[in-house]
Amino acid sequence: MKIQIAFVLVGLACSALAAKATVEPQILKNLETSKTTNVLVTFKKADTASVLARFDSLALATRDAKLNTMHAILKDHADTIQADVISMLEKSTSVDNDNIRQLWITAELIVRDVDKATVEALSNHDDVESLIAEKFYPLEPIERRELSEDEITPLAQWGVDAIRAGTVHGRVAERFIPLEPVERRELSEEEIAPLAQWGVDAIRAGTVHGRGNSGQGIVVANIDTGVRYTHIALRSNFRGTIQGNNNYAWYAPTGKAANPSDSQGHGTHTMGTIAGTANGIGVAPGATWVACKGCGAVSCSTFDLTECGNWVACPTNTAGGSPDCTKAPNVSSNSWGGGQGDSWYDNIIAAWRRVNIVPLFSAGNSGPSCRTANSPSDRQGAIAVGSTTSGNVVSSFSSVGPTVDGRMKPDIAAPGSSVVSASSSSDTGYATMSGTSMACPHAAGLSALILHDRPNLTVDQLKAALVSGSQRITASGKTCSGVSDSVYPNHHVGAGRIDAVASTGFAVKNY
């Protein structure tokens, strides 16, 4: 009997070792209509948590040391557990080596354009845990109106003024995820003048701009549809312009284009709000900007967004090589999201936080109902930004908490309705857009101003400055999970609308 039991146990053990990896059904469906598909490969020995625990135990004095060490430890771990699979793929005649993309943060691989035989080989490999399909989230319909240069008043935009960034500027010192705008329109000359300033005025940036702090020395990234880098409001403070080439300034996972572009317009608009230098559209016009193209003209791919998340933590050249982690931005602005309670971006957010990269996300445009905050903004580590109007109330579209597990979201709010910023239509064009997509970059710009004064803040300290400086808005008489929007924080605007003077003052006083 003992011998029979032993044979049974050995048989079960061998069966477990030989078990095929889990393959998402969508991968097989894709191969029914196409010869190739894209897959995410996860590994049985990934266990990045234990690797990061080792990183967390290290006493690293500088941000550069943290960036380089985190990358080195995680990359070495990924190289070790992925070596045999990568070798197999590189020897395959059906796989282009350039289509093998290592995700060092999560010890995963993206492999593009794989055929059925390669999927079968991967699923049979002992090191592979699962194969996950690329997911596609369509962009939400938006309206857009372009503005001419003559229509833009060369003063601060209302969003910048509302957070009083102007006072700071003067100081001497693959799923496809939907983008978030709900309105986008081009403006006539007659319409621009009365609309151009409201965002800047509302955050009171004009008061701050006289103090010599416009975000100099701080690098801000957006993961978006790209950027029209030749735009008059964006060309001078693009890292690529400053250094004379686009390495470590721009990355496009799909296609690896050498120069930034934006056929959609969303990314140009959000970057204009962060760091635009013309006509007062930017909250932090002195900041340097970089960008990663995580979204196309109609949708965002989880694979591209994940590659961009890795790039932000350790930028590469435009071809995806020669990483230099010391070039990592201080702030990452993410005006995209979808679904709820989805953990797929958690590891990237956690990695950013470890090296003091501020993870800002738009809350979503699924409001005004309760429990509509989108992922990743609804995740514990993300700083979620809701939207307010020029009437000082929450925007009707702005997603509302609580999260699916009952936490308060959004964390803060910022101007997001009818925001004027740069347009991708021409080098001198401007447009209005509405959405929490427009609110998030206001918070990103303010983060740059805070970091200019206190560059060594942790993410938690930066968040405390944003939250502590936020101002109450006019209540709408709404309640979610028993919390009225007249009580702060609440599930509609979190701590309130951001304020540059109060937040920079808080940081200087407390840190």
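Using N, Cα and C of the backbone, Cβ positions are placed for all residues, glycine too.
Taken from TrEMBL, the feature signal peptide covers 1-18.
Residues or ranges marked as domain 'Peptidase S8/S53' by TrEMBL: 215-470.
Residues annotated as active site, charge relay system in TrEMBL: ASP224 (among others).
Under the heading active site, charge relay system, TrEMBL lists HIS266 (among others). For HIS266 (active site, charge relay system), the number of other Cβ atoms no farther than 10 Å from its own Cβ, over all displayed protein chains, is 30.
DSSP assigns SER437 (active site, charge relay system) to a helix in the three-state reduction. The feature active site, charge relay system is assigned by TrEMBL to SER437 (among others).
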Average pLDDT across the domain 'Peptidase S8/S53' (215-470), rounded to a whole number: 96
Other C-beta atoms that fall within 10 angstroms of the C-beta of SER437 (active site, charge relay system): 35
Rounded distance in angstrom between the Cα atoms of SER437 (active site, charge relay system) and ASP224 (active site, charge relay system): 10
